[in-house]
Amino acid sequence: MDSYKVEQVPSPLNVLGEGPHWSIEQQCLYYNDIYGGTIHRYDYAENKTYTAKLDGYPVISFITPVKGRKTEFIIGTDKKITLIHWDGVSEQAKFLKTIGEVEFDLPNNRFNDAKTDFKGRFYGGTMRLEAKGDIFEVRLGSFYRYDAKQKKFVVLKKNIGVSNGLCWNETGNLLYYIDSCDLDVKEYHVDENGDLSNERKVIDFTVDGARPPFVPDGMTIDTEGFLYVATFGGSTVFKINPRNGKIELEIKLPCEQVTSAAFGGPNLDVLFVTTAAKEFKTPQPPPAGALFKITGLNAKGTPMYSVDLS
């Protein structure tokens, strides 16, 4: 019998909860509701979630703290990286400036998942808006690295369906990446500049060439290199051995649309999981859209990093 425990955290029920980022410095979890247009801070010590909106920005794709600036964050707004100010408590965040924008010629695209590597470099990708049709119809997205010194985006991959989960091994020389429309997880070698090579498929979720009843979504990693892949439509987070593609554990959640995961807590041994209540399917009953914490996994996550804009 599995020894893990799943608990619902005091939190709002998100339309499309996403982007969990554990801040070691602040001992809290930041995350966002993409189509609820809100950002959240779950305070671990208080066991309480604070929520804010940003006027004029109904869609927020991700949230990442800025290195050295306690009350500044970058968020994904449409195809832009936007710098904001938030004290983590107030119900209103403040726009500061636009950091950069991509895909001026693709008005129906938006940023999706994004993270920062151990050097503070931003990685994130795009997708066509879900409202424009089946995600499997077109591949208009790209996957980027942002060079803060030169203030420019570097294209790492094109022909992306839905740019989604990403994480690095503990030494930072391997990137794991999900394009949800590929229904797999891929591994890349990362060079000194942050560019990718040596693509390798870690696991293929198709069954005899057919689509599974879910798509792989967000992802995180532990110190032993095991991947934790959220399944949108699958009620599960898979623990996967990237060396042989074996599913080591199926972590079950009490809702169908599981979106992402991140280790946190004082010892980085609590797995936080975001979920969605509606998105573009039939509304899901509670606790869909809630934030969950999973304990008893006997695993420890790798640190997450703030973005370096210097």
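Start at 1 and count along the chain as shown; that gives each residue its number.
Placed from the backbone N, Cα and C atoms, the Cβ positions cover glycine too.
Feature list (source: TrEMBL):
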DOMAIN    16-276  domain 'SMP-30/Gluconolactonase/LRE-like region'
BINDING   Glu18, Asn164, Asp217  divalent metal cation binding site
BINDING   Arg110, Asn112, Glu130  substrate binding site
ACT_SITE  Asp217  active site, proton donor/acceptor
If you average pLDDT over the domain 'SMP-30/Gluconolactonase/LRE-like region' (16-276), what do you get?
97
Looking at the binding-site residues Arg110, Asn112, Glu130, which has the shortest Cα distance to Glu18 (divalent metal cation binding site)?
Asn112
To which of the binding-site residues Glu18, Glu130, Asp217 does the lowest count of other Cβ atoms within 10 Å belong?
Glu130
Whose Cβ, among the binding-site residues Asn112, Asn164, has more other Cβ atoms within 10 Å than any of the rest?
Asn164
Beyond Arg110, Asn112, Glu130, what residues of that chain have CB atoms within 8 A of the centre of the substrate site's CB atoms?
Ile34, Ser61, Asn109, Phe111, Thr126, Met127, Arg128, Leu129, Val162
In whole Å, note down how far the CA of Asn164 (divalent metal cation binding site) lies from the CA of Glu130 (substrate binding site).
14
Using Cα coordinates, what distance in whole Å links Asp217 (divalent metal cation binding site) and Asn112 (substrate binding site)?
10
Between all pairs in Arg110, Asn112, Glu130 (listed as substrate binders), what's the biggest Cα distance, rounded to the nearest Å?
11
Beyond Glu18, Asn164, Asp217, what residues of that chain have CB atoms within 8 A of the centre of the divalent metal cation site's CB atoms?
Asn112, Asp113, Val162, Gly165, Ile178, Ser180, Gly218, Ala230, Phe232, Thr259, Ser260
